[in-house]
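So that you can see what the record holds, here are the features copied from TrEMBL:
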DOMAIN    B:15-99  domain 'Acylphosphatase-like'
ACT_SITE  B:30  active site
ACT_SITE  B:48  active site
DOMAIN    B:196-398  domain 'YrdC-like'
Ligand SMILES: [Fe+3]
Ligand SMILES: [Mg+2]
Ligand SMILES: [Zn+2]
Ligand SMILES: [Zn+2]
């Protein structure tokens, strides 16, 4: 980008890039807001999210597609159908226009592929050093059908825990590109919009679905701990049933990470009544984003709300809810 | 409190009141006093009160009585306070044991004690009602801590509550002249607990090479014939324990020599009533090789429960069913058994019979339980003799809950310890009660045991803590649990706690120098600490220096896989080109070296434990550890004489750097023995020089040595000697293990001072 700390010329230029990339009937009206039709008789679901990722481009995606997928997924996890997105961009002065074009293009493509338009947006250019390249803030709305009330406090002992596929891909893709790690097979981010998969799951399991969550930052470990606390239950997860790609396992071994704590951007965990588990699993496996879905464990009664990994050895290793990064603990 | 000197020459009042405190209840003190008073021709009484034992005696023999009271006290009694006051004579005749006086219970429960000689005589006496009874005990021996729910120590509050005394036992229990007077666990075949299997059947299984789960005092053991390599290998395979040494149980002191070559101090230690496992030089020959692979020493424990003695008698007696009557329990017995904690998958020791069926079925061929419940599990304690003194490696059965005296007043608090080798500490006045070894808090069951232990220790001490102390580490399970307690919380740095623990067990608050030689602890600056020179003064402490840091590639993985530290050391030496040659079997060694070269590894550690790992890896010893500390232990086992490498270390400002030593080790693969000796010798010389320099700078003449590396006896004894030679008094961990097993005590000590300082 040539110049313009808020200067009209550059700001207009930036705004135009996104208008071109997202073009749709609401955005094209050029208003400061979008006026939208909503299906009647359904409850509105709304979310907002911020995206700061380094590097901005990574194997399998970039900050733009990630922002679309992440926002859609947060809505979809309520069992809802996402309808509209908004996006706001903080761009650092001096950021290459070509890169901005790429981000906008990928974001537009992701939004079109998902069928969820970006209906309103904003751009700000800030001084050099006041941002790290590009930050994106989004909001999203969707609707949830009558009778579907997914919530993190609804897991009950005996429920089945289903994971939609391989874990750790996104985090490892990011770290690999940061460190220029090379593996025989490149690890790609799993960044994907899950609302199609969710729609199929809701259709198949309906009210038997207790809750769903996408294990993003903090990985599967953080998500299961959140659900355990919200529902006041424990989880017993069969370590061997959790799908981890060999190359992800190898990268984690090198980096000293546990894949359970590594971020995902295209996976979900579902807690479902036991009788619906097999049916749900079949439906998920029939969907491209749930092909590797697996039953990974069960909800158990546990006043201490432990998430335990059980191995073939029978021992129950607690999967902690870490305060931050994985600090060494072996003395 | 001190023991008042009693001078027989001093004029003695006609009647005196004597108050005893310490471990004086539940140990046979009252019948002993009763007998002694009769011996001395005195009138009066004895009773148990809330603060200990009160005695009043009247007559001419008071001076003799007082002298003998201390000299001949019961074996399990420990008199910590003795106050004598003259009172008016009452001229009444006779001596009585009066009913216990109520009031707040400040009394104690004593540790479990090995079966005493008198009970063993009865065990093998066909005329005794206790003949062959696996639960015989008296006031001088038997279970205490492991069967007690809470205070007061009374049968109703123990797991013996469900066994009403038969007439014979009731008579013994009520008879002040009997060894079983108020022996709470007293029982006989007519009224007491029963074993699920005959002893002969157990012996037959063991002879056939089977694995037997045996319910003992603090939990189940897994037992097999220690001379039977196939049996020991089977146990290893079934328990999923590849290399970690097993302890060996022998019948008695006369039998130790069959498996080991103990020093006199080691032999004495093994025979103490606490019956710890004692590390001794192994005697090659009889023991199956996989009992303690690649370690020169073996842990030996003497039989400590009646069941053990019956079993050894049966094994010595030939085929099943052979009479054990007339068996001499003192004579050398050729049988030796592996006796390892039944804790499958790193979970806590199995204590319940039902649980044993569920959890040990795949491991043991025969599960032998009994119906006396274990209230609190307690592993066997493990000790070694360091610089001539007994020191703990693991403190549990036989020693808990003996308190550690504190020299300062402070609030009653709970300290929650670390994450591995966890213990908790409760303070009450000037006493600190350190729990038994709990284990590593990675597993859910161990964490549940941790919570039970906190509750049990608070119940048996009657303490309501005013605050809780925890480590700085935000993700230690103990820290998280402490946060949830809703008490004012104090966070104590790991190595400050290690140093404070050692100083405090020696009664020193500071100023004192501290040398923490450890694996890892979160530093006050967020760093990975583990080789630290500290100045401790009351509640305050300061880091004076540390080991020159090495990268810690892969965090905790580096602790499990010493080859990573080997790669880190080569990187540090600028010799990464040799990574491929030295670590050819590790596919990730190359990529790891590349990461280090690119500066991607952000964590660096001043840990001495990781330096040990690096050295072991460079020498080609354990690239991967099957158990914690394996690399360091195997390296220690190679050392005959520590030798210092000339200019093997550099003291640079506040840091000490062993890079020259590492460089030498990287060239010594062909001679790991020499490498191990150089490593230990240079460490000792360097660390001592570094410490002596700091002592001179700080004007201090004592140094407290703490941290897990002090489990290494060569290092501990070498530093002890070198520091002494340099004119500084070394304080070694004696009452508690040097590793994180002592951490809770150090946290308690520092946190109390922090609270007291704030007023
Ligand atoms: Fe430590
Ligand atoms: Mg979100
Ligand atoms: Zn006895
Ligand atoms: Zn009886």
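Sequential numbering from 1, following the chain as shown.
A Cβ is built for glycine as well, from the same backbone N, Cα and C atoms used for every other residue.
Distance from the CA of residue B:30 (active site) to the CA of residue B:48 (active site) is 8 Å. In three-state terms derived from DSSP, residue B:30 (active site) belongs to a helical segment.
Neighbour count (other Cβ atoms within 10 Å of the Cβ, all protein chains): 22 for residue B:48 (active site). Its Cβ placed at the centre, residue B:30 (active site) has 24 other Cβ atoms within 10 Å.
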